[in-house]
Each structure stands twice: as C-alpha cells, then as structure tokens.
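K.L.:
First the structure, then my questions, so here it is.
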Amino acid sequence: MLDTFRSSSKLFNTFCGHTNHVLGIDYSIFNGNNLLCSGSSDQTVRVWNVDNNKQIQLFDGHSGNVFCVKFSQYHYHYYRQNVICSSSFDHTIRFWDFKNNQQVQMLNKRKITFVALEFSPFSGGRYLCSGSDDNTIHLWDVETYKPLHVFNGHENCVRCVDISPLQTNSNNNNENNCIGVIGGNGYTICSGSYDATICIWDIETAKQYIILKGHKDDVDSVKYGSNELLNTVLSGSDDKSVCLWDIRSGQQIQVFNGHTSLVCAVEYSPFIVDNNEVGGTPNVICSGSLDNTIRFWDIRSNKRELYAIKGNDEKDIGITCFKFLKLKNRKVNNDRSCINLCYGSGKGPIRIWE
C-alpha cells in the first residue's frame, strides 16, 4: 500500500561517484546479488552492489554522455556473462562484461547518436531496441550484433523507447499465433520523440501502428502498462505534464499537471491506494522531474497527486531517472517484501528510499 510507504519511507542509501547528471539506471540480480548500473554525462558506466553499498565496476570507454544503461539477461542466461549495454553521444552502443572488466562488443553508426535502449521481453532478451537522433528506431539481434529492422516515421530525435508485454487484443490478432521472423508477433514498440509525438510500432513488420498526439514539447519518457493497464502508455514531457494514453482509441485518458519543470521519467508504481471504485487494482503512477521531485498520482481519482518525494536541493538539482526495486532477501517491518525507490540526480548522487 502507498500509505505504508508514505508513512515509513526514508532515505537509506546514497551512492556517490558520478560527477555529472545520472541519465540512466537499471537494476537486476546477478549470482544472488542486488546490483545497480548507471550511466552519466560524466561519460562513465558504473556498477553498484546494493547489498554492501559499494561501487564494484567502472567503465570509462565512452567519449560522450552515456544516455542509457541496461543489464542484459540474454548474455547472463545463455553465456553466463555479466553484461551491461550502454548508449552514448559518441555514436556507439557498447556491451561491457562487468565481471571480467572488459568491453565485449561495440555497435557503431557514424553520425548517429544512440539515446534510448530496451531489451525484448521475448526470446530471452535477445533483441535490443534503440532510439537515436536520426529520428529512427533500430532493432538489433544481440546474438549476432546485427540490425534487423529500422523504424522510420518520427520527425525528430527518438528520446525514449519501451517494448510491450504481449498484446493479444491488437489489430493483428489473427497473426499472433503465427511464428514470426524474430518471435515478436503480438509485441509492439512505443517511442517518444522530440517531435512531441508518441508512436506505436509492430515489431515483426516494422510498420507504424498508431500516433499519439497531445504533448506540446519533447517526450522524454514512455512506459507500457501491464495486467489491468495492459492497453495503456504513460508518458512524461518537457511540457511539464504526465499523460496516460489508451492505445486502442489513441486518446489521452488523463493529464497530470503539477510539476514545475520538465518530466524526465515516468513509471507505473507497484503501489495501490484504497479506492472503493477499483478495489485492489494498481492505480498509482510516478513521475520524476528536474523540479527535484518524484510525484505519485492516483490515475482513478480526478488526477490527484498523492505524495511527493523531494530530492536534496543542494546536492541533487533535479531527478533525472528512477526505478522501483524489489530487493532480494530484504524485509521491512518483518511483514512485507521491501519495495525501494532508486533515483539518479542532476548532480551525480544515486539515492535509494525504502
């Protein structure tokens, strides 16, 4: 329950090392350890062990801002490699083995800045989606490190991407039971762009499915819903708003206003609030902004802001990214699994609230 988190939440850990904006973070469990990775405008990729509060690896091979970092489950499950993927202003996507402290591969497209990354939820994470400043989205096979599809349609930089859970009620319903080229039938890509639009793409055909219009400025973050919210997309924008969209109708469901600066990150939270209309349905979303707050919103109760976490004014100067963590083997009050909120800041610190 959100009320439990709100009443007892506190800052319990801070990771210091980055010297500039933390632009991306990711979380995973490797060999039983709770790990974070982070990328920054200081051009480094770092790995942190949450269990012992230590930085365990540093990669400084990029020569530009590191926009996004993701742990690769595909490398871990199929090759027993502990690998991070990172995208950078230096026109590369790089794969790092953080156990053996080495770069294992580099994807390079001259004059293209890779900004956003997301691994596929199908085929064990074998496919990597990237958004770039040439207005395109690429789909890569990380087994061969070769591009498979290019998605064209945006009119400006593709700042963020996400890949859907399986959508069995899409317009391609009759084809979902077929085996596609990459096994992605029924899955779609969502992309947000500096052209102020959000596009939905069919993965197998690389065709545009729908365009969502409503934001008045750059779209910085997009996320697919799941379970009861399967057919929704959440977005955050430089216009300071957070929007919830219905993919089926192409319409905005809700617009959440309250941030006083651009919204860098959005997430569907694991929390619920008491609500007689919806019972136990997950109904809380979150947004992080350069106004130095992470705000919680109830999507079913008149756009109401429920709670806000405020960053350190002098040491954070803005929330640039965040992620919910369910740390393995950690309990709070002996009666629930611990849900933690980790955020990256504009000045470098990474902080975890519980």
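The backbone N, Cα and C atoms fix where each Cβ goes, and this holds for glycine too.
What TrEMBL records for 15-58, 59-106, 107-150, 185-211, 212-255, 256-307 is repeat 'WD'.
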K.L.:
Which sequence positions outside the repeat 'WD' (15-58), separated from its termini by at least 6 residues, show Cβ-Cβ distances below 8 Å to it?
P.N.:
64-71, 73, 76, 82, 84, 86-88, 96, 98, 101, 320-323, 325, 327-328, 330, 342-352
K.L.:
Can you name the far-off residues of the same chain, 6+ from the ends of the repeat 'WD' (185-211), with a Cβ under 8 Å from a Cβ of it?
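P.N.:
For the repeat 'WD' (185-211), the far contacts come to 116, 120-122, 129, 131, 135, 137, 139, 149-151, 153-164, 166-168, 170-172, 175-179, 217-224, 233, 235, 237, 239, 245, 247, 250.
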K.L.:
On average, what pLDDT score does this prediction assign to the repeat 'WD' (212-255)?
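P.N.:
Taking every residue of the repeat 'WD' (212-255) together, the mean pLDDT is 95.
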K.L.:
In the repeat 'WD' (185-211), how many residues does DSSP call helix, how many strand, and how many coil?
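P.N.:
Summed by class, the stretch gives 0 helix, 16 strand, 11 coil.
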